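Participant: Sharing the features that Swiss-Prot gives for it:
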- 57-111: coiled coil (COILED)
- C105-C333: disulfide bond (DISULFID)
- C116-C325: disulfide bond (DISULFID)
- C119-C322: disulfide bond (DISULFID)
- C124-C315: disulfide bond (DISULFID)
- C131-C305: disulfide bond (DISULFID)
- N196: N-linked glycosylation site (CARBOHYD)
- N257: N-linked glycosylation site (CARBOHYD)
- N311: N-linked glycosylation site (CARBOHYD)
- N351: N-linked glycosylation site (CARBOHYD)
- N412: N-linked glycosylation site (CARBOHYD)
- N431: N-linked glycosylation site (CARBOHYD)
- 1-20: signal peptide (SIGNAL)
Amino acid sequence: MKPPLLVFIVCLLWLKDSHCAPTWKDKTAISENLKSFSEVGEIDADEEVKKALTGIKQMKIMMERKEKEHTNLMSTLKKCREEKQEALKLLNEVQEHLEEEERLCRESLADSWGECRSCLENNCMRIYTTCQPSWSSVKNKIERFFRKIYQFLFPFHEDNEKDLPISEKLIEEDAQLTQMEDVFSQLTVDVNSLFNRSFNVFRQMQQEFDQTFQSHFISDTDLTEPYFFPAFSKEPMTKADLEQCWDIPNFFQLFCNFSVSIYESVSETITKMLKAIEDLPKQDKAPDHGGLISKMLPGQDRGLCGELDQNLSRCFKFHEKCQKCQAHLSEDCPDVPALHTELDEAIRLVNVSNQQYGQILQMTRKHLEDTAYLVEKMRGQFGWVSELANQAPETEIIFNSIQVVPRIHEGNISKQDETMMTDLSILPSSNFTLKIPLEESAESSNFIGYVVAKALQHFKEHFKTW
């Protein structure tokens with residue numbers, strides 16, 4: 001025997017198409033016609049059931065696609081996490097190396113720091129870079145260089161507890177990955193269970209379906225995704241983006257090479273600056289060149305640059321101090337400047353890997369949320385059909401009673417105030433009363449459609465959750 005919901009719906013449709021819907025005038029005929037719904041058997045399968053079965057298969061195919069995407073995302077996420085840990089390990093190694101070099105250099109330069117500091121803070125440096133604007137970038141570079149030297153000569157001892165949040169963060173990341181895996185696995189189990197129950201319904205009703213639908217349902221061909229699939233707010237990453245990998249050893253070697261060239265550049269610019277300062281007296285001794293620097297600059301800078309013409313002898317002392325400072329740095333601390341640059345780049349590498357991991361993590365979470373949303377939406381739309389597999393073959397729809405109930409309006413009872421009520425027992429749901437308003441009477445062309453819609457709505461509302 002067909003599942004009772006199917007029989008109920010198709011009988012209603014048969015009544016509608018046959019134009020034999022009962023009228024309000026003949027309540028006895030109404031009662032007998034409604035009771036006969038469960039006795040009609042040889043009718044084609046209802047389109048609502050076919051639509052629901054098709055939707056369940058679409059749900060299954062969608063989940064298979066999402067599972068592949070989720071697997072790729074999780075694989076990329078774990079790979080990014082490994083690279084982030086490698087970057088942190090590399091940073092720790094650079095820090096340890098730098099700390100050792102700083103310790104040795106600190107011992108060598110402690111006595112000569114005064115000369116280096118006066119070199120940096122001397123007014124001649126300020127005057128010269130003001131009068132020669134093209135050297136301002138050189139000055140900034142040198143100042144940054146000396147600030148780093150000062151920091152390691154007089155280090156600020158940070159609290160070692162900063163390592164604790166890192167370990168806690170790793171534990172938190174492990175928990176996040178595990179939770180996402182568990183949630184997606186549960187979604188997969190739920191969808192497979194729903195599909196298996198719905199497939200049992202298809203097997204029970206297979207003889208009632210046409211051959212085209214049977215072939216369509218049992219085929220492995222991908223179906224077009226349902227029209228209600230929501231569009232993702234983000235464009236999906238390309239495969240190249242997902243599989244991007246940092247070659248950390250080679251990448252870091254580039255940083256090392258770059259840092260060496262920076263140090264050499266700093267040393268070279270210091271030498272050029274000092275040589276230029278040394279040549280200034282020769283220029284001032286030339287005829288008609290007195291105050292040449294002041295004449296070449298705007299009014300607000302002339303006074304300052306005039307000091308350079310008047311204090312050349314003092315700037316020679318500045319020149320000598322900077323030469324000593326440069327010699328101390330190059331001889332006693334050859335590796336420290338390069339290591340500071342390497343440390344900066346190692347920190348940048350850690351930040352880049354953290355940012356990359358965060359982006360992939362956000363994308364994976366969004367993918368999981370979208371998948372859960374689609375599963376819930378499709379389950380609510382089509383999942384009710386799986387409950388038909390739980391019904392015994394002899395289960396039928398039973399119409400217990402039919403009655404017309406008048407509504408009292410200002411003490412008058414009229415035919416237009418009557419409401420038809422029928423008690424139904426449908427599938428696993430408890431008995432319920434269907435109230436049919438006057439505008440949906442049996443004389444109306446919408447009568448059967450109204451009853452069908454109400455029956456399906458009642459069943460879906462009482463469809464059990466996962």
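Just so you know, glycine gets a Cβ as well, placed from its N, Cα and C.
Since the structure is predicted, the reported quantities are computational estimates derived from the model, not experimental observations.
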Participant: Sorry to bug you, but what's the C-alpha spacing from N351 (N-linked glycosylation site) to C105 (disulfide bond), rounded to the closest Å?
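Facilitator: Per the Cα atoms, C105 (disulfide bond) and N351 (N-linked glycosylation site) stand 28 Å apart.
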Participant: 10 Å Cβ neighbour count around N196 (N-linked glycosylation site)?
Facilitator: 13
Participant: Name the secondary structure element type, per DSSP in three states, that contains C105 (disulfide bond).
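Facilitator: C105 (disulfide bond) sits in a helix per DSSP.
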Participant: Just how many other Cβ atoms lie inside 10 Å of the Cβ on C333 (disulfide bond)?
Facilitator: 21
Participant: Measure from the Cβ of C105 (disulfide bond) and count the other Cβ atoms within 10 Å, all protein chains considered.
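Facilitator: Other Cβ atoms found within 10 Å: 23.
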Participant: Quick one: mean pLDDT on the coiled coil (57-111)?
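Facilitator: A mean pLDDT of 87 is what the predicted model shows over the coiled coil (57-111).
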Participant: Should N196 (N-linked glycosylation site) be counted as helix, strand, or coil on the basis of DSSP?
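Facilitator: Its secondary structure by DSSP: helix.
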Participant: Can you check what DSSP calls C333 (disulfide bond), collapsed to helix, strand or coil?
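Facilitator: For C333 (disulfide bond) - judged by DSSP and reduced to three states - the answer is coil.
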